[in-house]
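Below you'll find the structure, written out as structure tokens, and then a few comments.
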Amino acid sequence: MAALVSTVSSIIRWNSNNNNNNNFTRSVKSCLSSNYHNNNNIIHNKTVLMSTNNNNNNNQKNSSRRSANYQPPLWQFDYVQSLSSPFKDEAYVKRVEKLKEEVRVMVKRAREEEKPLSQLELIDVLQRLGISYHFEDEINDILKHIYNNNNVYNTNNNVYANSLEFRLLRQHGYPVSQEIFSTCKDERGNFMVCTNDIKGMLSLYEASFYLVENEDGILEETREKTKKYLEEYIIMIMEKQQSLLDQNNNNYDYDYDYELVSHALELPLHWRMLRLESRWFIDVYEKRLDMNPTLLTLAKLDFNIVQSIYQDDLKHVFSWWESTDMGKKLEFARDRTMVNFLWTVGVAFEPHFKSFRRMITKVNALITVIDDIYDVYGTLDELELFTNAVERWDISAMDGLPEYMKTCFLALYNFINDLPFDVLKGEEGLHIIKFLQKSWADLCKSYLREARWYYNGYTPSFEEYIENAWISISGPVILSHLYFFVVNPNKENALLSTCFDGYPTIIRHSSMILRLKDDMGTSTDELKRGDVPKSIQCKMYEDGISEEEARQRIKLLISETWKLINKDYINLDDDDDGGDDYSPMFYKSNNINKAFIEMCLNLGRMAHCIYQYGDGHGIQDRQTKDHVLSLLIHPIPLTQ
């Protein structure tokens, strides 16, 4: 297992100084299993055999159309247009402004009192309640002061305090070292954690998910031990509750720590969708004994007001979808406008990203339809024509397409060329459109490659699959669009300058998380209807292992990819010696700004949210429906 951990990251490590995909291909040579080289000859023989056996069926496949039998959308146009919210009322807006000023005074007072632990705890609560975006300047001022003065660092043997500092500083891009835990270790270097210190163990567990690639230290080893203790704590509490129920005694006390621990063991805080986490935490925080009523009221009101903005966004994107006629003319494709919008809330929930959410919902809708054309409906000959049309980006390229493809191509063509000129303004506009068109061409070419694999009955090696799959998952298309929406394209040309050479590593890493989580949640259903083998099946076939073992290796790969994402925004090699002017690397960068980096992280988090229990995008499972209801439809009841 240790050897596996040391080699797994090579599969997803790209050279940031050279975006040539050949480097990526070579880096994948070190695979997840030691069986790879032993099975290599067998693998190639099996592949050829499979190709030979399926060649006779190619013509039949090429002329037939598959059907995924997707369910109709749960959320209809008329229902969405009927949504209304009382929280648009100016009285609520004024009340929120008043509460914000009260909280701002609270934060400033905490800064002046010079109690670092209290400051960190306040920041943590503000973040988890979903209202920290109102106080970014004040929070950054506190964290900068704590980092430059090592305030909590000197707290002797306080695992909780040091873990909280480590997590919050790294979350905000500060290159804090694991040496912060030196006061919490014994002479052998082991953490001195009391098994009864649930708060400390939970804080340590959550902090361990902010490690970066190749970072030495005891924190990751401690994660498994801490997880074991936390699991034992959960069992103990459950047994205690069951014992009381057996005695017909329902008067057991609410356990705040139990709620946090069980939640963290399901999925760590660092990997959770921010807005959904806030909705959950508001309910949990309300039951806390030391709950602050001002913070709670602000969180509830702010959530409901922002939800009313989401409902306006929904009306807009549902109207756009109706205007394209794709839902009516392309009945084979998934009509998932609501879920497509839910993705955008996960990537950027703040109200001022309203235009972004509307744009990316349209991108998501187009991706979903085009994906179904390649995966389900189109013949190989038709897919070749469509790919060529997108590459040419010429309206005359529509002439050779079948009618259903013309509908989709025209919607895509008009969308890209009609992007708001307040975004693509100046002379850069034309170049940006060219880059966005290229990202769509890259996506279609990756789809076509997978279609060829399917029609030829070919099972790719794991490295061959991954080399193509991080693009075919559509992450680069989504992140390319949002990049030019959140930065000034006339000033920040980092992505544009490399658009014909590759993508920044953070786009690749975020897309990798999206790909692997998608495969974990959808591969079984996709294979049933007929699709190319996904990462799980490629590992099973290549290494001769069970599906369960392959899934465990993919989970490990996801964890290693998160370390690469962490490294993209936490610069542990930063030689800045601190001082009053120190800021995290993404504040100083002239290349990629903070908002874009956070959105890349959030796309990975959304992948965990949508695919945690299966295919939450395509199948419309209960969890996704509950997410829609709690985030977009139902306001939080206010305490009278």
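In case you wondered, yes, glycine gets a Cβ from its N, Cα and C as well.
Cross-referencing Arg288, Arg334, Arg449, Arg452 against the (2E)-geranyl diphosphate binding annotation in Swiss-Prot, which names Asp371, Asp375, Arg515, Asp518, picks out Arg334. Comment: (2E)-geranyl diphosphate site residues Arg334, Asp371, Asp375, Arg515, Asp518; largest CA to CA distance 19 Å, whole number. Within the set of binding-site residues (Asp371, Asp375), the lowest number of other Cβ atoms found within 10 Å of a Cβ is recorded at Asp371.
Asp518 ((2E)-geranyl diphosphate binding site) is surrounded by 24 other CB atoms, counting those within 10 A of its CB over all protein chains shown. There are 24 other Cβ atoms within 10 Å of the Cβ belonging to Arg334 ((2E)-geranyl diphosphate binding site). Other Cβ atoms within 10 Å of the Cβ of Thr522 (Mg(2+) 3 binding site), summed over all protein chains shown, number 20. Each residue contributes its Cα atom, and for Asp375 ((2E)-geranyl diphosphate binding site) and Thr522 (Mg(2+) 3 binding site) these two points are 13 Å apart.
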